[in-house]
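Copied over from Swiss-Prot, here are the features:
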type	residues	note
BINDING	Asp418, Asp540, Asp541	Mg(2+) binding site
COMPBIAS	210-220	compositional bias 'Low complexity'
COMPBIAS	279-288	compositional bias 'Polar residues'
DOMAIN	346-589	domain 'Reverse transcriptase'
REGION	1-177	region 'Terminal protein domain (TP)'
REGION	178-335	region 'Spacer'
REGION	186-229	region 'Disordered'
REGION	279-302	region 'Disordered'
REGION	336-679	region 'Polymerase/reverse transcriptase domain (RT)'
REGION	680-750	region 'RnaseH domain (RH)'
Amino acid sequence: MPLSYQRFRRLLLLDDEAGPLEEELPRLADEDLNRRVAEDLNLGNLNVSIPWTHKVGNFTGLYSSTVPVFNPHWKPPSFPNIHLHQDIIKKCEQFVGPLTVNEKRRLKLIMPARFYPNFTKYLPLDKGIKPYYPEHLVNHYFQTRHYLHTLWKAGVLYKRVSTHSASFCGSPYSWEQELQHGAESFHQQSSGILSRPPVGSSLQSKHQQSRLGLQSQQGHLARRQQGRSWSIRARVHPTARRPFGVEPSGSGHNANLASKSASCLYQSPVRTAAYPAVSTSENHSSSGHALELHNLPPNSARSQSERPVFPCWWLQFRDSKPCSDYYLSHIVNLLEDWGPCAEHGEHHIRIPRTPARVTGGVFLVDKNPHNTAESRLVVDFSQFSRGNYRVSWPKFAVPNLQSLTNLLSSNLSWLSLDVSAAFYHLPLHPAAMPHLLVGSSGLSRYVARLSSNSRIINHQHGILQNLHDSCSRNLYVSLLLLYKTFGWKLHLYSHPIILGFRKIPMGVGLSPFLLAQFTSAICSVVRRAFPHCLAFSYMDDVVLGAKSVQHLESLFTAVTNFLLSLGIHLNPNKTKRWGYSLNFMGYVIGCWGSLPQDHIIHKIKECFRKLPVHRPIDWKVCQRIVGLLGFAAPFTQCGYPALMPLYACIQSKQAFTFSPTYKAFLCKQYLNLYPVAEQRPGLCQVFADATPTGWGLVMGHQRMRGTFLAPLPIHTAELLAACFARSRSGANILGTDNSVVLSRKYTSFP
């Protein structure tokens, strides 16, 4: 007998008119049930020709693109000088005693973090800064460059100096100093690594390159650096086959040379390539000339001595003849000293071979929907999550609602800590740098996009004409406004640059995993140090709980001092005291249980207010509606099953038409939300088990068994056995050996 909606409803409400459960419940396994219930609910025929609705309230669906809003007054970010202490394990052991194996393993994962993708695709520098705001190209370019420069100054990025060297600011780690060690003997190295392959050759195997961070960088291969200057070696012709390791004598003279060429006043416009910190840098063929094409002749294979030297693009405007009212020399003449063409880092290290390319584009967006005054950098390293070579990121546990409630539902007083720039605490090994490159090709290449009459630089036609091609009202006005903000840095930011990540970036799937491991290990240490309190974390959200407010304040002081001693930066302005109701992960958790936060309840009410009936809604919009309603489903009487018709339409990528009955049913469900209570520990006395053809129960000394009319999928059979046990015994705790039943997420079975 088919199961009608009325019978289905009676069954849900355990009505007296319903037949015995053993006969009624197996009918729920009938595949046709959804269709019949849909018919009874007047959901109507889904295959109708009415055009689909692609927007419901704030939810947008297919074929809709949100136009990003550029804010020319975004506040530039400021990052503290974050340096997580390398001896973090030792410091934790001083604080709490010996660490557990689990804690040690997690902390070793991030000291340093390693990233070795199977395959890396390199993109041209023009794709470094994405043209995300076509109307504000120049403004966005400088804002992004400033953001990247700020990250480099804060020690988050390396700057590529040449194919095998990089500079950075901040305190070095030991694995970076190992690379930096210089003049001592090579006694640790095998002979295979001692003799370097010549400039321009690619004899090193792929394996050696990828393991450079672990193997060849551990010896004393890079040169020792004296007084922050990078010693300069004469460029070798590729056919000379001379190994890398030969140092010129007289490092003092070289240091002097470097510092001279670093000041880029117009009086000494000696610039050879994109990284003009050194006038004759090693391996130039792959480091610089690809960056500023107009500065070098086509025959770039010639030796350095033959190569003509051109002044820097920005300073060339100074004494040249004006071509119009918008000639850039009017801006360049505003300042006598435009500062250096490139800034130098405090430390230099040797890195694996890094091409003059990027592996991901960057752009700026609002920090979050509620904070449009500040900007956030978006880094697109999605190449590592796509295609045949995609990296399968490690999975990690996310606490579910019930376990959160069991753990945090108590009479404790709560506060939450905010870790500032949490991702940028965790250091990356330099061997990962060639895979995580961002940067830009310089302003001159960007200008080419702006003016339609500009040509890509042709050296036969002289440089001056090309300069005039750059002049346009749009560029002139933009630079004049930006001059007020950035001053002399306009010159610095107009040069090309390539930067690699020194700390874990946000755009890689590995980063959330590493951050979760790190904060959970730290909280584990804090819990053992203060056994009478509770510390819990999810990503960068750390909460502390204690019996009284006074107790909580002293705990807060002790934990803050401990975290600061490890080098973890907290944002004191964002520390929140919650009293006895903790706001965490979208829930409000108190001694009574958990409920969704008010802003989510408000969103649900708004969603129902704007939900149309008798109109086919695009499945993408349905997906967003289900995302919102699914979050609050555990707090409703019916739970997830109420959303099953929506799930089915999303899976089949069909439009869904809400009937007034179904909308009213959902409204009623979500109008009254019930708290999810903490599970009290108790004794289990009722057990259920099943096979595809039969079921069995044990209740104390009583046993029951039965068979199904037809063989069922095992998870369905186990679930039915658990339902029989609950209806027969009324017990709150059931024993089952099936993980699907235990998970209690019945929206889809394996």
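All positions are counted from 1 along the displayed chain.
Yeah, the Cβs are placed from backbone N, Cα and C, and that goes for glycine too.
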- Cβ within 8 Å of the mean position of the Cβ atoms of Asp418, Asp540, Asp541: remaining residues of the chain near Mg(2+): Ser416, Leu417, Val419, Ala422, Ser537, Met539, Val542, Lys574
- Segment confidence, the region 'Spacer' (178-335), expressed as mean pLDDT: 43
- Message: Around the C-beta of Asp540 (Mg(2+) binding site), how many further C-beta atoms are within 10 angstroms, looking at every protein chain?
- Response: 18
- Item | Other CB atoms within 10 A, centred on Asp541 (Mg(2+) binding site) | 15
- Item | Sequence-distant neighbours of Asp418 (Mg(2+) binding site) in its chain (C-beta under 8 A, six or more apart) | Asp540, Asp541, Leu570, Asn571, Lys574, Thr575, Lys576
